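Below is one structure, written out as structure tokens; the observations come after it.
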Amino acid sequence: MSASWSYIKGQMGPAGRSFSLSLCAQAQGQGSQSATDNDLTKQFIDLLEGKHNISSCVSTEGVIPVNINIFISFVCVSVFQNGAVPVEPVKKDENSRRGNWGNQIEFVLTSVGYAVGLGNVWRFPYLCYRNGGGAFMFPYFIMLVFCGIPLFFLELSFGQFTSLGCLGVWKVSPMFKGVGYGMMVVSTYIGIYYNVVICIAFYYFFMSMTNLLPWTYCNNPWNTPDCTGVMGTPRTNATFANVSAVVSGLTEIVNRTKRTSPSEEYWRNYVLNVSDGIGNFGEVRLPILGCLAVSWIVVFLCLIRGVKSSGKVVYFTATFPYVVLTILFIRGITLEGAISGIKYYLTPQWEKILDAKVWGDAASQIFYSLGCAWGGLITMASYNKFHNNCFRDSIIISVTNCGTSVYAGFVIFSILGFMANHLGVDVSEVADHGPGLAFVAYPEALTLLPISPLWSLLFFFMLILLGLGTQVFLFAGIYWLLLMDNYAASFSLVVVSCIMCICIMYVYGHKNYFKDVEMMLGFPPPLFFRICWRYVSPFIITFILIFTVIQYKPITYNDYVYPRWSLVIGFAMALSSVICIPIYALFKIAMSEGSTFLERLKNSVKPDPDWGPALQEHRKGRYATAGPESVEVCPLKEELKDEGKEKLKEKEMEKKDEMGLTIPGSNGSTLNPTPSA
């Protein structure tokens, strides 16, 4: 046997797997001569669970063939699954039915990649630019500290505790399962328009495969006479300045029309070719439609392999954007006029602090960027191991997300400062205050880098990595993008998240949830988070919603005012996700047991018997006797067996007590004492 073991070790290498598999096949025939399949399987499982000492299989010469078979099978499993040496145990998921992340770094990086996306690089800069730069930063940080981070931690702990997705977790209070459906509707809407940006990124990526970026100069058919480029002179017939000089009087009259950059005209006149209104759809943009097909294929390939494979990809996708942003930041701050852009970014315009739109945008950006109320955080956390420190993860991910947004803001506004200096206008007038800002400022910076096509490829490849979804590909697509961004992804996120917080804290009960978190993490939630969950976060969200409704202003795109029918569609999208909550609540009440409305209401909000940790080994305390056996097939812990023995002893003691109450009579009969009235 020792010779066989030496031979096995010598064969471990490129051909190790095929060799081990062949030994398995031979050993099965050898084992069948000395033991039944059931005996062999039992001993093999005992070996994997550590009940047999592996060294005994290789150190003793007179080992029976069954042990040889078990040992070689163990070699096969170890090499095939882990590529490890035979004496290493096979790593198993804690939750074998649902699966877990490969390791904790994968979860953190995946969550960072989920939270840090287009919301940071694309949406945050244009919202900050639209709301006065520094004036947007103050409410943004207020919302981050008192709403964003606490609710982020709430969602992570919620999903991790039950190992269930955004629908299954509502076993905590079945009447509120509509919140889960609302999250799904919100995610659907965001998916519909999110990939507008991704498809455009694909388009820019493909257009960067050239020796000269098409948005570098002003001598293209789509350019106007107002175009003035940084890289060289403007086009010959571009009369951006009409100068009349009176030489004798040493006076000069300068009549300038508004200058525009080639990157802005490329975006507005060529990529969008925007129509005159939201109702004028125009023709289908075939190039953008092709990019849509590519993005769908990429989405399919990314998701088909599941959580295990996606966890491996994030090592690259979550770190690569920071490399590209750093390169653009270094180039941006070295440009002339960059300081003026950064000053605009950091200096608050205090008069805008009282504008409800600024606070509403800050709140929506926090929930949009962190991914709160999408359902994705709950789902990703459900793949964590039960005792994972999700509190630490929530702090790391939230701070990283916020830092990335601020960092991307420095990149954008340094470039805007340079463009303002070159065009001779104020920073606030450089570009449109809309979702196309990133496709004006970033491409402008790329033209200033050496080997600009290469850097352009890398940058738009980065944008592609930051988010994938669906696309709107008509001439009026930009109008629909802005409409959905203002309604489907703003109001709904805030309302759904607020209702989730109220349900957990006031329906399920804050004391119950605090105990659940303590059982999972080993410590209760910090006092600050408990206060935010119960009071601060719901109050701030409610106040902002009321404030926004009172000061409501219809959205506009540049000088275009949206018609009323489009605003009706916007409100319908916003309410469609929220309306799921009361509709399902009424349905659940109607289906619940009870003779009166109050009885049905009480039964509909009670936690489901299956509520709690998914694995039986984690169901302790009040969950010890409530866990369904169907959740996870696993042997009971010794402590559960001890509890069963104690219950049997208690029953025996009760029987003895009953025997002691039976008094024998003189005639052989028994006299049972009657209880007093």
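The backbone N, Cα and C atoms fix where each Cβ goes, and this holds for glycine too.
Where the annotation comes from TrEMBL, it is an automatic prediction and has not been curated.
From a predicted model like this one, the values you see are computed outputs, not experimental measurements.
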**Request:** State the disulphide partner of Cys227 as given in TrEMBL, choosing from Cys199, Cys218.
**Result:** Cys218
**Complete:** Na(+) binding in TrEMBL involves Gly113, Ala115, Val116, Asn120, Ser369, Leu466; of Asn389, Asn401, Asn421, Asn486, the partner in that site is Asn401
**Request:** Could you check if the transmembrane segment (395-420) is in contact with the transmembrane segment (366-383), meaning 3+ Cβ pairs under 8 Å among residue pairs at least 6 apart in sequence?
**Result:** yes
**Complete:** Same-chain residues at least 6 beyond the ends of the transmembrane segment (562-587) with a Cβ under 8 Å from one of its Cβ atoms are 175-179, 181-183, 185-186, 189, 277-279, 479, 483-484, 486-488, 490-492, 495-496, 499, 554-556, 604
**Prompt:** What other residues of the same chain, not counting Gly113, Ala115, Val116, Asn120, Ser369, Asn401, Leu466, have a CB atom within 8 A of the CB centroid of the Na(+) site?
**Reply:** Val112, Tyr114, Gly117, Gly119, Gly371, Thr400, Thr404, Ser405
**Request:** Using DSSP with the three-state reduction, classify Ala115 (Na(+) binding site) as helix, strand or coil.
**Result:** helix
**Request:** Count the Cβ pairs between the transmembrane segment (179-206) and the transmembrane segment (366-383) that lie under 8 angstroms and are 6 or more residues apart in sequence, then report whether there are at least 3.
**Result:** yes
**Item:** Best-contacting stretch, by C-beta pairs under 8 Å, relative to the transmembrane segment (528-550) and drawn from 137-158, 366-383, 489-508
**Value:** 137-158
**Message:** Which residues of the chain, 6 or more past the ends of the transmembrane segment (137-158), have a CB below 8 A from one of its CBs?
**Reply:** 128, 169, 346, 348, 353, 358-359, 362-363, 365-367, 370, 372, 377-378, 381, 390-391, 393-395, 397-398, 402, 497, 500-501, 504, 516-517, 520-521, 525, 528-529, 532-533, 536-537, 540-541
